[in-house]
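Heads up, the thing below is written out as structure tokens.
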Amino acid sequence: MSGLTPFMSAMGAVIWKDLRAEWRSREVISAMLVFALLVILIFNFALDLQPNVRAGISSGVLWVTLAFAGTLGLNRSMAVEKDRGCLDGLLLAPVDRAAIYLGKAFANLLFMLLVAFIVLPVYGILYNTNMIIPGLLLVILLGSEGYVAVGTLLASMAVQARTRDILLPILLFPVAVPVVVSAVKATGGYLAGLGWEEIQPWFTLLVVYDVIFTSVAFMVFDSVVEE
Amino acid sequence: MLQKPKLLTVLDVAAIASFLAATALVFFYAPLERVMGAVQKVFYFHVASGWVGMLSFLVAAIVGIIYLIRKDLKWDSVGVAAVEIGIAFTLINVVTGAIWARPIWNTWWTWDPRLTTATIMELVYLAYLMLRAGIEEPERRARFGAVYAIVGFLSVPLTFFSIRLFRTIHPVVIGSNDPGAMGAFDMTPTMTQVFLFSLLAFTIVYFDLLWHRIRLGRLAERVESLRLKVQA
Amino acid sequence: MMDQPANTISYFIAGYGFIFGVMIFYLASLIIRWRNLKQDEALLNELDQKETTGNE
């Protein structure tokens, strides 16, 4: 891998490690997928979705599903590191901690996107709605990025606490409100066929959130994993 | 053994005096609002509490940054104190907001962007305490607290904008298309005086409470190290 | 057009009752915690003294 800076090699190594480990066991992805599909099923019965009502809340159901599945993935991803001592191993390497953060966050993002892009067509089929709209896919990308950026940082902390499993959602959800609200509204806008002028403010919020929180997480991650 | 500093006693007196004065002003000097009646007076301490809550969380975030740079645990005790007090005052802010809304809008909750943001902020800081509760080592607890205080505070403006944008599209309360309109009324000069004085009084009370709470934290640390020493 | 303002005095009382209530509660919690810690400190100091005199 010559030509890449040490930083990027480290980041790449972390991503590759996570992807390969996940490919072998497929624990995290299958858990997230099954969970997501179950949540959609439960929502179907819980909300008794008449077709006309359903259109209005599709995007909300979608994002609640993604948020919960995302939390699952984040938890598992960091817990595995801690339990198997991989994190300690990574930290011993002479590597910029921020590279580890970006690597983990990117891997988590890939997992979340994979789940999203399987759930989308399933949802579309179950409810006979077309969900494959380019703008909508971009919203999924931006929303997931923001969610995962903060989530990876917070999961790193939560996993080191005694109350680890419960703690991540408690820490993450209040802070992720801007992402979730913006993503839901933007997604809903595309599903309802709204024009760009109406969807654009949500995009702005998403991008601002992503930029701010990815940078902040990048800067403070060091403090969260030092021994 | 730390003696109570003289300045703190002075601050105590100032806090008590200004709080009593503010209360008297609200009860006796502030006029009755012509439409809403007595409940409007809740506004003075409602806003003052909200101000103190925000200020406190800002303090927690700043002190968090300082801690991450300096690694001196005394900044952490300021952080915890600030969050605790912030939680108390934000609670006052949110509940008085509901009490004020009820007779005016005939509902306890109007999804007003400011109140909704305050509630979410409250949840963030309760989460802060839960995070700390799950960590034993003081140094790690301080680090994590600092990180979350910073992240939490940064999320507040974005939360506010997202909810406000949401509300301009979905006005929830009939007749209120302007998200800032909840409980709008014209402020007479007298009201403005009482309002500003309430802000001042609450700020003094805040710093007084903060100082006391910091001292409590230091005492707790001393007791903890004594405990370790005796058990050794 | 209303001549008199609405009678919302009970809400006013509820509001200020809550405000004072929370503030008093927090103050009380500070005082109680302080007292408990002071007691612990005294007790621990005593134990500490006993240990150091016992070791001599």
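Quick reminder: no glycine exception, Cβ is built from N, Cα and C everywhere.
Copied from TrEMBL, the annotated features are:
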- B:7-30: transmembrane segment (TRANSMEM)
- B:14-170: domain 'Cytochrome c assembly protein' (DOMAIN)
- B:42-69: transmembrane segment (TRANSMEM)
- B:81-101: transmembrane segment (TRANSMEM)
- B:113-131: transmembrane segment (TRANSMEM)
- B:143-163: transmembrane segment (TRANSMEM)
- B:194-211: transmembrane segment (TRANSMEM)
- Message: If you count every Cβ pair below 8 Å, which range out of B:42-69, B:81-101, B:113-131 shares the most with the transmembrane segment (B:194-211)?
- Response: B:42-69
- Item | Recorded stretch, among B:7-30, B:113-131, B:143-163, maximising Cβ pairs under 8 Å relative to the transmembrane segment (B:81-101) | B:113-131
- Task: Please give the average pLDDT for the domain 'Cytochrome c assembly protein' (B:14-170) in this predicted model.
- Result: 93
- For the transmembrane segment (B:113-131), distant same-chain residues with Cβ under 8 A (at least six beyond the ends): 50, 53-54, 57, 60, 83-84, 86-87, 90-91, 93-94, 97-98, 144-145, 148-149, 152, 155-156, 159-160, 163-164, 167, 179, 182
